[in-house]
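Peer 1: Dumping what TrEMBL says about this protein:
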type	residues	note
ACT_SITE	E451	active site
BINDING	H450, H455, E508	Zn(2+) binding site
Amino acid sequence: MVDSQYYLPNDIGISPLDCAEAFRQLSPKEKLYAHYLSRAAWYGGLVVLLQTSPESASIYVLLQKLFRRQPPAQLEGVATAAGLSPEEYQAFLVYAAGLYANMGNYKSFGDTKFIPNLPKDKLKALVWQSQAFQESPTEMEALWNNCGQLMYSLEDKQKQLGLGDKGITTYFSGNCCLEDAELAQKFLDSKNLSAYNTRLFKEEGAEGKRCYQVRLASAEKKDSSADGEGETRCGRYEFEDAVFHVRRGDYAPLMKKVSDNLDKAKTYAANESQQRMLEEYVRSFTYGSVDAHKEGSRHWIKDKGPIVESYIGFIESYRDPFGSRGEFEGFVAVVNKSMSARFAKLVSSAEVLLPQLPWPPAFEKDNFLRPDFTSLDVLTFAGSGIPAGINIPNYDDIRQTEGFKNVSLGNVLAVAYSTQKEKLTFLEENDKDMYIKWKSPSFEVQVGLHELLGHGSGKLFVQDEKGNFNFERDSVRNPETGELISSWYKGSETWDSKFSTIASSYEECRAECVGLYLCLNKEVLSIFGHEGTDAEDVIYVNWLTMVRAGLLGLEFYTPESKSWRQAHMQARFVILRVLLEAGEGLVTLQERTGSDGRPDALITLDRSKVHTVGKSAIQRFLCKLQVHKSTADVDGGRALYEGYSAVSSTGSHDFLRLRETVLLRKEARKMFVQANTQVKGEGVELVDYEGSAAGLISSFTERFPEDAEEVEAQLLELNKRDAPCWC
């Protein structure tokens, strides 16, 4: 693997997320509501440090103590005295900014470790000469000893996140393997327990039985039933040849701060739906109840078109190597009214567009549940990274029968995908100009279709606990085979629990294909204001973006373990393979030598064949994806998806060699600087920071003004308690 992928470059793009105008338009009550929701999100976001790696929390505390005593400009003099060059000090600032932006020392997009791009002894010298060290030498030395070695380690297992010998994970204790994860999932399913807010720890067993601790994230530490909780799920269970202890109290002090701030936000809620939503979230984070979080999500769905939108909890399962446990995430955002009006038109057209998808009517939901679809300017997004669009909640049972919401994050889109021509790789010059002109408008269309009609479409065939089916068994046929449906989801089985390790990427691929397929529709493009030749340019750039992204996706494949580290990029590579396989010159991919004499590649798309060869290929593939998903056909789905996901040096393209070229010419993913909010008197003020590593660092050192040291002590205590589990 190429060493440079483990460093963040000194010239990495760092942009502020502008929400000043959106925030200014809020009423005093709405600002207070947004403030306390943001506080809850930021405290909860610290959980991600503990979900990422054994050393992330210690590195975070070390950095906080350094920069709280001496901000970046002041620490620069210390760095010079310690022997660091200006480039080395900048590399340290970029590393610190990366740690904050990713909430850990593994990239949120790709799950690769990143290390400081300066010698370890120079960084140690800087720490030793800092004011923080002069004031508390014993404490700072202990912190360095806890994380210094692991901060720089690039042993094979520590290069990426993964389970067992494939990488590092703190969702499972170090002695867990895939077999343990599968057994735990079967146990959780048998008790109708969700894995979303859990971690699994394998313990010393008695009487020859395997023994596991399933730990629930909660402020409450006692396992006995508590007032306001309802029936507790905690206790000892025997399952197959193992014993499971379900306990709570994971991340307890942080969950308490999340709950306290949600409780404060409730005072400023705009309506009863928001109040009841927050009450259920508080119950969820207090007792470790996913059922309460589901109930809160139901109230959230009912809160249509709020001015201040938010969602919080253990949400996305991309980084759990098994694909079932959620990473903590919380966002607060303000509605962008003009953009939201376009999305409202798309929602209104959904009932006309859904029947155009390439599967029989029986494979679509019985009723289209009109979702909210809004464009938001992000005020706060706490977690490991910030997406461009979201479709939530992720609970299948709620999405199937009660609905969901879609959000497009406008101020993220505005800066995340802006590209300089000289940094555009693997495209012809004419395509580069077209790409720069139409990338943002085409991505807006793709995000809308991906979230609303991608994730929002398709039916799961289910037999409930009473034996009832949600489809006609004696008449619904598999369009691929012509046979009656022979498999389905039973009882508490879900999409995530059945398809586990491929579920996230497979679903992203399905949603991306829906976007590609439906963007060919003139009505859709008209909704977004694109007509005539402009509309054709948007289609072309959307498809061109996808095939280029499929090539770029090779960065996120690890040959040593034959595994993918990023769900969306795996999905885009799969789509590239499908379109290459379509043949007829639709997509061409050639290796060549660049003007600098180094390996390069060129990818082209024949725009005259997009509506014919391209549409046909996506139509066939999309139908297969949906059929396997609807019918819980794990074996068929895996064979299809893993076949296209395979990266090899044989066949018409040497993808392993192309991967080296992609790594050679990759551009680092941008980082975002977010504002803080502060209560001043009876109002709330927004505090902005410059778009630089120093600005990003300052935003975090000022994020917890009242209780930074208390929170850091709690993080270290939680980290210390679990330290023996990672060996």
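The backbone N, Cα and C atoms fix where each Cβ goes, glycine too.
Bear in mind that TrEMBL entries carry predicted annotations, made automatically and left uncurated.
Because the structure is a prediction, the values reported are computed rather than measured.
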Peer 1: Have a look around the residue listed as 'active site' and count the other CB atoms within 10 A of its CB, chains all included.
Peer 2: 28
Peer 1: Around the Zn(2+) site (H450, H455, E508), what further same-chain residues have their C-beta within 8 angstroms of the site's C-beta centre?
Peer 2: N391, E451, G454, E507, R510, A511, E512, V514, G515
Peer 1: Take the C-alpha atoms of E508 (Zn(2+) binding site) and E451 (active site) and report the distance between them in angstrom, rounded.
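Peer 2: E508 (Zn(2+) binding site) and E451 (active site) have their Cα atoms 10 Å apart.
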Peer 1: Inside 10 Å of the Cβ of E508 (Zn(2+) binding site), count up the other Cβ atoms and send me the figure.
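Peer 2: 22, counting other Cβ atoms within 10 Å of E508 (Zn(2+) binding site).
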Peer 1: Of H450, H455, which of the binding-site residues has the most Cβ neighbours inside 10 Å?
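Peer 2: It comes out as H450.
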